[in-house]
Amino acid sequence: MTRFVLFISCFFLIDMIVECKKEGYLVGNDGCKYGCITRPHQYCVHECELKKGTDGYCAYWLACYCYNMPDWVKTWSSATNKCKGK
């Protein structure tokens, strides 16, 4: 029984450490946001899940916005914007 409680405690500890909180607009290799205006309804949800996010949608700027992604995922920022007007 003690081992079971220890196992459960470790599981929750690992879950808290690995918890993903990042959100934002997905960015491609060209530095531009993932466009979604002409894509199917579930396109952004699928792209966000590929990046290990929990959910996403086609946002106001007609780009994919994702929730709860790992910190390694690149997201768009006006300060680091490298998109050349595409």
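Cβ atoms here come from the backbone N, Cα and C positions, even for glycine.
When you check Swiss-Prot, the disulphide partner of Cys36 from the set Cys10, Cys58, Cys66 turns out to be Cys58.
If you check the recorded positions Cys32, Cys36, Cys48, Cys58, Cys83, Lys84 against Cys64 (disulfide bond), the ones with a Cα inside 10 Å of its Cα are Cys36, Cys48, Cys58. Considering only the recorded positions Cys44, Cys48, Cys66, Lys84, the residue whose Cα is spatially closest to the Cα of Cys58 (disulfide bond) is Cys44.
Of all the disulfide-bonded residues given, namely Cys36, Cys44, Cys64, Cys83, the one with the smallest number of surrounding CB atoms inside 10 A is Cys83. Listed in sequence order, Glu23, Gly24, Tyr25, Leu26, Cys44, Glu47, Cys48, Lys51, Gly53, Asp55, Gly56, Val73, Thr75 are the same-chain residues six or more apart from Cys66 (disulfide bond) with CB atoms under 8 A from its CB.
Highest local Cβ density among the recorded positions Cys32, Cys48, Lys84 belongs to Cys48, counted as other Cβ atoms within 10 Å over all protein chains shown.
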